[in-house]
């Protein structure tokens, strides 16, 4: 995740997606020639997994660059592609395995994944408007002159000379931090909305994926045949496919868009409530109803997962935000299903796993709702203070008085600063001439 963000910031979305598609294809084709499980871990798990990570994030990032007014709808439609494949993947895999074996299946799937390169080639980057060369030269000349004047003023006014070695060390440390922040913006950890989103999502992912993993085994556990159990996932995927773009349309409405974080919190809590009620489904009909509501709730969360983050941090910082969120979320994403499996093994019943997932998600939804309410209140308060400061003439008058006092003090500083003032005046005239 963070590597994908750094690469997107450095090279853009198009080359990263094309490279990710190549990795996916190479990993799956290589898996067809594997002779051990360790080789499959490397080819399918590591190479293809890394390629998929390079495909997902640039795809989400480029949506934020192209859309603003209808961005939630665009996100919902783009995310609807995932459940479409989920519906067809299970029967497709079975068909390929029956006709071509597992090696032939890997070759065909690798060829399918190479189409990600075609999709990446269609990612047309939006170039920023660049000023003319003359303007750039003029601006550079002005900046250089200003920096020189400022440095001279600091050297003349400072009571003691700072050693050059310490300056060089400080500049080197700042340069290193600037390079890191250029590709991965760690200042987001000071962003209030980002921290609220991060904590809520880390908690949510502890129970987000486990119900999907254990839905079919739970159906088999209560005596449902294998094909009917697998069909529950197809039901979930079909409802999910419809829910994602529908959620995008609702989230883009004028009533929901200004407070989209509340809608996201409700979706997470609704998801958790479905899991809490799942143990009440004793037969196949009950599990079908659960799958329908679970698919609806799952689609709502997935459609707004990235939209809410973009709403908080903005499109410019979204690339870094996705990478940093991935670092924090990966632990709970990996721990969720094993913890659920441990509960099933310990108690011999699936209901405790569903209750755990439901309770965690309801808690995450409640936390996000309360903290987003606090965040909206603080943002409104800060905006009100900013407007009051702009409209209050006293503050402007105080600033002008302070500037005049400073000018008087500099005028009384004596003849030692007179050469600097003459030099500044000369530089200003040169800048105006250029």
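Backbone N, Cα and C atoms are what each Cβ position is placed from, and that goes for glycine too.
Residues or ranges marked as domain 'Major facilitator superfamily (MFS) profile' in TrEMBL: 1-376.
If you look at the transmembrane segment (16-38), the same-chain residues 6 or more away from its ends with a CB under 8 A from one of its CBs are 4, 7-8, 44, 46-55, 58-59, 103-104, 106-107, 109-111, 113-121, 123. The transmembrane segment annotation in TrEMBL covers 16-38 (among others).
If you look up TrEMBL, you'll see 44-64 (among others) marked as transmembrane segment. Listed as Cβ neighbours of the transmembrane segment (44-64) (distance under 8 Å, sequence separation of 6 or more from its ends, same chain) are residues 1, 3-5, 7-8, 13-14, 16-17, 19-28, 30-31, 71, 74-75, 78, 113, 116, 120, 123, 125, 306, 310, 315, 318-319, 322-323, 326.
Per TrEMBL, transmembrane segment is recorded for 76-96 (among others). Sequence-distant contacts of the transmembrane segment (76-96) (same chain, six or more residues past either end, CB-CB distance under 8 Å): 59-60, 63, 104-105, 108-109, 230, 233-234, 237-238, 240-241, 244-249, 251, 295, 299, 302-303.
Per TrEMBL, transmembrane segment is recorded for 102-123 (among others).
Among the features that TrEMBL reports, transmembrane segment is placed at 194-215 (among others). Remote same-chain partners of the transmembrane segment (194-215), defined as residues 6 or more beyond its termini with a Cβ less than 8 Å from a stretch Cβ, comprise 188, 229, 232-233, 236, 265, 268, 271-272, 275, 278, 287, 291, 294, 298, 301, 305, 308-309, 312-313, 321, 324-325, 328-329, 331-333, 335-337, 339-341, 344, 350, 353-354, 356-361, 363-365, 367-368, 371-372, 375.
If you look up TrEMBL, you'll see 227-243 (among others) marked as transmembrane segment.
Long-range contacts of the transmembrane segment (288-306) within its own chain (CB-CB distance under 8 A, at least 6 residues past either end) are made by residues 60, 72, 75-76, 79, 82-83, 201, 204, 208, 211-212, 215, 232-233, 235-248, 251, 260, 263-264, 267-268, 270-271, 274-275, 277-278, 281, 318, 322. TrEMBL lists 288-306 (among others) with the feature transmembrane segment.
Packing against the transmembrane segment (318-340) from elsewhere in the chain are residues 1-6, 8-9, 57, 60-61, 64, 183-186, 188-189, 194, 197-198, 201-203, 205-210, 213-214, 306, 309-310, 312, 353, 356-357: each is 6 or more residues past its ends and has a CB under 8 Å from a CB in it. Residues or ranges marked as transmembrane segment by TrEMBL: 318-340 (among others).
If you look up TrEMBL, you'll see 352-374 (among others) marked as transmembrane segment.
Annotated region 'Disordered' per TrEMBL: 384-434, in sequence order.
Positions annotated as compositional bias 'Basic and acidic residues' by TrEMBL: 384-402 (among others).
Positions annotated as compositional bias 'Basic and acidic residues' by TrEMBL: 418-434 (among others).
Residues of the same chain lying 6 or more positions beyond the ends of the transmembrane segment (102-123) and with a Cβ under 8 Å from any Cβ of it are 13-18, 20-22, 24-29, 31-33, 48, 51, 55, 58-59, 62, 93, 96.
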